[in-house]
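First the structure, in the form of structure tokens, and then the observations on it.
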Amino acid sequence: MNLGRSIRINKCGVVILGVLFMCILYYLWNSSNGTNGASYAFSKNPNEINLRKLLIGSIQAAQHGGFEVVAVSKTRDLHEQSKGKTKEGANNPVTDADYRSNCVMKNGLLRIFPKLKVISEEDDRQEQCAEVQLFDLDPTVLPESVTVPDERVSIDDVDVWIDPLDATQEYTERLHEYVTTMVCVAVKGVPTIGIIHNPFTMKTTWAWRDRALSESLANLKHDADVKHPTIIVSRSHAGAVKEQSKQFFGENAQVISAGGAGFKVLQVIQNNATAYLHTTHIKKWDICAGDAILGAIGGRMSDLHNENIAYHRDTPSLNPNGLLAAALSATHEAYIKRIVESNHFVR
């Protein structure tokens with residue numbers, strides 16, 4: 001054996017090892033800095049979920065669902081179908097926009113948060129889902145001026161309710177001001193994070209109860225005067241609710257009708273209505289986001305028996321007892337007292 005022979009280094013092998021080492025470093029850096037989808041969402045414990053990151057994903061889901069809603073609105077045919085009649089006898093339509101928005105919202109969230117429980121108004125249509133583009137988690141959707149904490153909870157305590165197109169009837173009538181896409185994060189059944197997005201104005205309103213508010217909510221002031229009520233109600237059965245509103249709140253009550261539960265909550269938040277009243281059953285994906293936002297700004301939503309509405313996965317998706325929503329809890333308390341004392345809604 002010639003011990004004096006020099007060791008020859010394979011330069012190609014060194015280059016390959018160097019490239020592999022850099023790739024590993026790049027992957028680890030991405031995982032820790034949030035550019036790698038599910039790794040960003042579950043960087044520590046797969047049985048926990050970071051609510052700040054879920055807030056980011058939920059905002060993106062509402063916005064990307066909105067892109068699909070707008071895109072379909074520009075086509076000649078919405079492919080409108082009917083899911084039947086509501087209890088009020090109104091048509092309950094569904095369109096390609098509902099399905100496409102559902103695909104991007106639900107599947108986008110599940111791609112980033114695979115263990116997440118998502119409850120949606122619509123079912124997946126594979127032919128629609130094949131055409132949509134999903135999204136990656138993007139922390140820049142939160143403005144730098146808003147401080148949002150990191151908070152982890154058990155994934156089993158989290159249920160996400162999505163409405164891929166609220167006010168579909170108005171959408172088919174081209175009344176786009178009423179249309180929203182909504183996401184609500186419930187923790188142990190309590191509406192905790194709410195997002196209401198108008199696709200046609202590109203305005204997104206969001207809140208995380210006791211943690212953070214979107215800039216549009218930060219400086220809002222609400223009048224505690226309950227003597228001159230302006231009640232917003234649904235277009236689909238405005239006549240009956242107008243009569244009930246006069247009964248509850250007096251002849252001086254002004255009643256306005258509008259489409260979309262999300263839109264009506266926004267009108268209450270923006271001081272265009274004192275309260276939102278709904279006297280028949282309503283699905284929880286229609287109201288969960290609004291419930292969370294109102295709770296975050298000091299308001300309240302309850303059913304007409306003054307009970308909080310539970311949003312746990314094991315509860316029915318239908319809330320059968322109507323609702324009252326106000327931007328101030330004191331306003332809600334004064335109004336719900338009138339309703340309860342009327343004995344109009346009994347168990």
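Count begins at 1; order follows the chain as displayed.
Placement of Cβ uses the backbone N, Cα and C atoms for every residue, glycine included.
The transmembrane segment annotation in TrEMBL covers 12-29.
Here TrEMBL flags GLU121, ASP163, LEU165, ASP166, ASP286 as Mg(2+) binding site. Contacts of ASP286 (Mg(2+) binding site) defined by a Cβ separation under 8 A and a same-chain sequence distance of 6+ are given as GLU121, ASP163, ASP166, MET182, ALA261, GLY262, in order along the sequence.
Same-chain neighbours of the Mg(2+) site beyond GLU121, ASP163, LEU165, ASP166, ASP286, judged by a C-beta within 8 angstroms of the site's C-beta center, are, in sequence order, ILE162, PRO164, ALA167, THR168, THR180, THR181, MET182, ALA261, GLY262, LYS283, TRP285. All protein chains included, ASP163 (Mg(2+) binding site) registers 32 other Cβ atoms within 10 Å of its own Cβ. Around LEU165 (Mg(2+) binding site), the same-chain residues six or more apart in sequence whose CB sits under 8 Å from its CB are GLY65, VAL69, THR95, ALA97, ASP98, SER101, TYR171, VAL179, THR181, listed in sequence order. Summary: among the binding-site residues (GLU121, ASP166), the fewest other C-beta atoms within 10 A of the C-beta are counted at GLU121.
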